[in-house]
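**Q** Before anything else, here's the structure in question.
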Amino acid sequence: MNSHYQNHSLENFFSTNLSATDDAVFAGIQAEFTRQNEQIELIASENIVSKAVMQAQGTCLTNKYAEGYPGRRYYGGCEHVDTVEAIAIERAKKLFNCEYANVQPHSGAQANGAVKLALLQPGDTIMGMSLDAGGHLTHGARPALSGKWFNAVQYGVDKETLEINYDDVRALAVEHKPKMIIAGGSAIPRVIDFAKFREIADEVGAILMVDMAHIAGLIATGAHPSPLPHAHVVTTTTHKTLRGPRGGMILTNHEEIIKKINSAVFPGLQGGPLMHVIAAKAVAFGEALGPEFKTYIDSVINNAKVLAEVLQTRGCDIVTGGTDTHLMLVDLRPKGLKGNKAEEALERAGITCNKNGIPFDTEKPMITSGVRLGTPAGTSRGFGAEEFKLIGHWIGDVLDGLVENPEGNAEVEQRVRKEVKALCSRFPLYQ
C-alpha cells in the first residue's frame, strides 16, 4: 500500500479483514452462516435480507453521529447522511401511502415505546391483545414496560373461532375507556379489520395505534388491508415480512402526531440514530417498491397456505383452521406434544421454528402447547409450493417420531436433516 502512515499498525487498522484480526468472532459468524445456509428457517419473525441491504449496514455510515433530523442536526458533517435518511423517509411514505414517517427507531419495541411516550402519560389506560392470544409484550403484557407504567387492559380471541371478536373488544373498551387501543400482534394468522378497531376507538375517544410489524410486507403490496386510513399512528419493524434490516419505523397521516413522535424518538427515547441501518432501511424500501416484491409476498402467503394444508393432512391442528398471512400456529395437543419438545426435535432435524403459546394455553411460556411457523425466510431463498409440501411432510415425520419416542427419534431426525441439507444446497445463500 502506498501511504504516508508512520505506524504500520494504523495501516493495518484500515486494511485488515475481520478473519485476520479476530478469528474467534469470525468463526462464530461463519458458523452462523453455515447454520442459516444448511437449515430451513421457519421462525415467522425472521427473514433473509438481500446482499445490498447487508452491504449498506457495513458501510462508513456506522462512523457518523447524527442526533436530530435531516436539516436539523446537532453535529456538523451530516449533509450526506441527511440525504440517505431523506431517501428512507420518502420511500417509506411512498411504500405505505402516508404523509409522515420516522425511520429512526432502533427496533419495533422502541417505536412502540416512542408512541406511548409521545401520546400517553404514566398510569393511562391502554388496551391491547394479550400475549397468549397472539399479542406482543409491548402491548401491555405485565413483564414489559407497557404493562408496568400503564393500566393495561387485555383483549383476547373468541373461544370458538379463536379469532378476534370485535363485539367483545368493543364491550371491553366501553367498560374501561382506554386512552389508547392497540391493534396488531405477533401470532395473528387472520386478516385484522382496522376499520372496526377505529369505530371502537372513536366510540370511546381512544387513540388507535396499529402495530403492523409482522404484516408490513403484506400491507405494502396490498395483500392485507392497510391500517393507515384508519389508525392515528402505525408502528412497524423493518425486518420480518418487509425484508429489511433489524429496526423500527413510525408512520402517520397527522402532522400534530408526527411532531410529538419526532420529539419522543429524539431526544425523548434515543440519542444518535444508526445511520448505517437507516441506509439499509432505504435500500429495503426501494426493493419493496419494485414489482418483484409483490410476487415475493404473494408467494409467502401461498406457501403458508400450502404448509398449513399439508400439516392438517398429517394430523396437526392449525389454530383458526388456516392462515391468511405469512404465519400459522400449530396446536400440538392432538398429538400429545409440547411446543418446547417439538422445537428441539425440529431443530435437530434442521428445521428452525419457535415454541409458542396457543389461545387459552394452560402450559407455561417456556413449554407451550404449540409452535409458530412462518414462510418469509424460506420464500426469500426461493422455496415454492413444492418445497413447502416437502417441508410440511418433514415436520409431520419429526412430530410423529416424537410421539413414538418423547425423548427424540434419532433415526427420523437424522434422515430429515440429511434431506433438509440436500434441499438447502439447491438454494444457497449469498453465493
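Every residue gets a Cβ built from N, Cα and C, even glycine.
What you see is a predicted model, and the numbers here were worked out from it, not measured in a lab.
The following feature annotations were taken from Swiss-Prot:
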BINDING   LEU131, GLY135, HIS136, LEU137, GLU256  (6S)-5,6,7,8-tetrahydrofolate binding site
SITE      HIS239  site 'Plays an important role in substrate specificity'
MOD_RES   LYS240  N6-(pyridoxal phosphate)lysine
**Q** If you count, for each of the binding-site residues LEU131, LEU137, the other Cβ atoms lying within 10 Å of its Cβ, which residue has the minimum?
**A** LEU137
**Q** Near GLY135 ((6S)-5,6,7,8-tetrahydrofolate binding site), which residues of its own chain have a C-beta under 8 A away, given they sit six or more steps off in sequence?
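**A** Spatial neighbours, sequence-distant, of GLY135 ((6S)-5,6,7,8-tetrahydrofolate binding site): GLY128, MET129, ALA141, GLN154, ILE182, GLY185, SER186.
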**Q** Expressed to the nearest Å, what is the distance separating the residue listed as 'N6-(pyridoxal phosphate)lysine' and HIS136 ((6S)-5,6,7,8-tetrahydrofolate binding site) at their Cα atoms?
**A** 15
**Q** In which DSSP state, out of helix, strand and coil, do we find HIS136 ((6S)-5,6,7,8-tetrahydrofolate binding site)?
**A** coil
**Q** Could you round the CA separation between LEU131 ((6S)-5,6,7,8-tetrahydrofolate binding site) and HIS239 (site 'Plays an important role in substrate specificity') to a whole angstrom and send it over?
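**A** LEU131 ((6S)-5,6,7,8-tetrahydrofolate binding site) and HIS239 (site 'Plays an important role in substrate specificity') have their Cα atoms 21 Å apart.
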**Q** According to DSSP, does LYS240 (N6-(pyridoxal phosphate)lysine) sit in a helix, a strand, or coil?
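**A** Helix, per DSSP.
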**Q** State, in Å as a whole number, the widest CA to CA span among the (6S)-5,6,7,8-tetrahydrofolate-binding residues LEU131, GLY135, HIS136, LEU137, GLU256 given in the record.
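**A** That value is 31 Å for the farthest Cα pair.
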**Q** Measure from the Cβ of HIS239 (site 'Plays an important role in substrate specificity') and count the other Cβ atoms within 10 Å, all protein chains considered.
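**A** Total other Cβ atoms inside 10 Å, all chains included: 27.
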**Q** If you count other C-beta atoms within 10 angstroms, which of the recorded positions HIS136, LYS240 is the most crowded?
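**A** Sorting the candidates by Cβ neighbours within 10 Å, the top entry is LYS240.
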**Q** In sequence order, what residues of the same chain, 6+ apart, have a Cβ less than 8 Å from the Cβ of GLU256 ((6S)-5,6,7,8-tetrahydrofolate binding site)?
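**A** Counting only residues 6 or more apart in sequence, GLU256 ((6S)-5,6,7,8-tetrahydrofolate binding site) has no Cβ neighbour under 8 Å.
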